[in-house]
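Engineer: Quick one: structure below, then a few questions.
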Amino acid sequence: MDNAQYMELFIEESKEHLQNLNNNLLVLEQQPDNTEVINEIFRSAHTLKGMAGSMGFKTMADLAHGMENVLDRIRKGNMSVNGDIMDALFEALDILEGLLQDIVQRGMENPLDISDIKAKLQGFVDGTDSKDSGQSARKPDKEGLSLDEHHFHVIDEAVKNGFTPYYIEVKLKESCLMKAARAYIVFKAIENFGHIIHSHPSAQDIEEEKFGLSFSVVAVCKAELDTIKKELDSISEIESIDIREIQPDDIKSRNQSENRKPQPQGTDRAATLEIKDRLSKATGRSIRVDIERLDRLMNLVSELIIIKNRIQDMQQYDNTAAMAESVEYLGRVTSELHDAVMKVRMIPIQTVFERFPRTVRDLSRSTGKEVKLNILGAETEVDRTIIDEIGEPLIHLIRNAIDHGIEPPQERAALGKPPVGTVELKAYHDGDNVVIEVSDDGRGIDIDKVLKHAIQQNLVSREEAESLSQQEILQFIFEPGFSTAEKVTDISGRGVGMDVVKTKIESMGGVIDIDSRPRQGTRFIIRLPLTLSIIQALLVSMGQEVYAIPIGSIKEILKVPAGAIKLVRQKEFIDYRGLLTPFIRLAKVLECPDEQVESGELVTVVIVKKGERLAALSVGELIGQQEIVIKPLGKALSKIKIVSGATILGDGRVALILDVNHLI
């Protein structure tokens, strides 16, 4: 492996460890006594220190070492987690992320002065900066184990179910060559009688033989003390065994002490462990693949589909059974290959969503508001291209929701709302689209205020404003420089951001809508194509040209009498299943002849959808459904919003792909 490959591997693994640190620090802030999370954070910092040191990145290694020292004190029970420690750890994490970004961009470490943060971290280790280190530090139990309230709660419940809690200390002989294997035999013997609650050192350290000759455990068993000791005495290479029963008074006094402490909020321990288990299993089944290789594979599949379409078109000249069978087989294999490649490119949107709990935490503190983030549908899979692009728009929307949407606690209380505001991030599939929603339960958008500012900024005249719908008024917030904020903050209010959101979404072939209700909140709905390369489409002819309509946007195809088209306020509608649905003459939009409507009695109509909204497109001749490859338009045509791309048909002709989201 050459240096470039080592660097690439270092960067990828460092990103993973930094993300793990971020996620677990957020959990630790809510669950300061969660030893599982503390150990996980320690391991990430330790590994990051080692990797950075091996690559010669001394600043990164030194800072990770400083974090490691603090975490080591916490996990050994010599220091408790408090707000100052959490702030310092997050500050160190931010610096590490910045250092890694410099390495990514420049290939070398930025010579940054980290003396302040190092001194702050060392201060906690030395006990000079911790405001309550002497009073609130978790003291090790007399048995040499640091048990938290979770352990004592488990012991208490076990006692109620007939178990007896024991402290067991084992010392191995100096001649023991395989300490980890011997410890494993001891663990298995104890588990034959009950359950091990805690060990010192940790199970991982014992497995890696990171201990001397002694280790100790707390276990709950249904056997007598003598029975357990006799079983353990039969194990070879053990110098001594000390077993003591943990007295009920110890448990009672500990529980009373813990009950006086404020209880942590947030995700409970079981949910945390379940999530970790899912993630670890997923990680074990995955491998890293260079995205350029996937792109190359996808391009080859695209070319194969174009060739398949050409062969299908040639079939009309050689319509033998053998030819038909070969074409059908080629089509089936091509479709399966495409599906397989697409699944490889699909990534859970969780990789984007997991960045935002930290964002919400920091914004909540800087604005003085209490905000919680709910994430739904993080397992929803989207194309890698979307993953790379969607992060920036979502950051803008979340910042906007917290700064403009969520009210301060006092204002929420006066409105009868809970003091803690909620921002919800939700993702799900809808046909051939992926939908991402960002919503809040704040004050909502003031429609009258938006319209007033739009008129003042000459975005619309007073006469035109009278006929605008609520949705059309809300779209003004996406105009460059538009803002209704009375004061500018560090977070938002300059009129920069929302126009960037819309531009970025549209560049991915998507649309963004708004649903807002006064005093109830605002919801931004982003609708993106599931894949940006290959789709199923309905081909229609308009005059001499062929156009493609994505199948995922089609609800139904039908024929209606020309006389059923109604004119309401200078706009055409049809009655579709009892709903007054806008009628769009596609020929008029595309500026091509509309022979069918002029000469025929029946009009071919394609009912298309955009979320909950419907429209009826009048089309010429229906050609049929086909799998097509989306090719981007050149710069000259990129401003035509109703067209999202082009495709090459089997006969070599080019068909434009209609963007239904911009037609409705």
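Using the three backbone atoms N, Cα and C, a Cβ is placed for every residue, glycine included.
Per TrEMBL, domain 'HPt' is recorded for 1-103. If you look up TrEMBL, you'll see 282-532 marked as domain 'Histidine kinase'. If you look up TrEMBL, you'll see HIS46 marked as phosphohistidine. Annotation source TrEMBL lists region 'Disordered' at 247-269.
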Engineer: Please list, for the domain 'HPt' (1-103), how many residues fall into helix, strand and coil according to DSSP.
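Structural biologist: Output for the domain 'HPt' (1-103) reads 87 helix, 0 strand, 16 coil.
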Engineer: Across the domain 'HPt' (1-103), what does the pLDDT come to on average, as a whole number?
Structural biologist: 86
Engineer: Can you check which residues sit near the residue listed as 'phosphohistidine', meaning Cβ under 8 Å from its Cβ, same chain, 6 or more apart in sequence, and list them in order?
Structural biologist: ALA64, GLU68
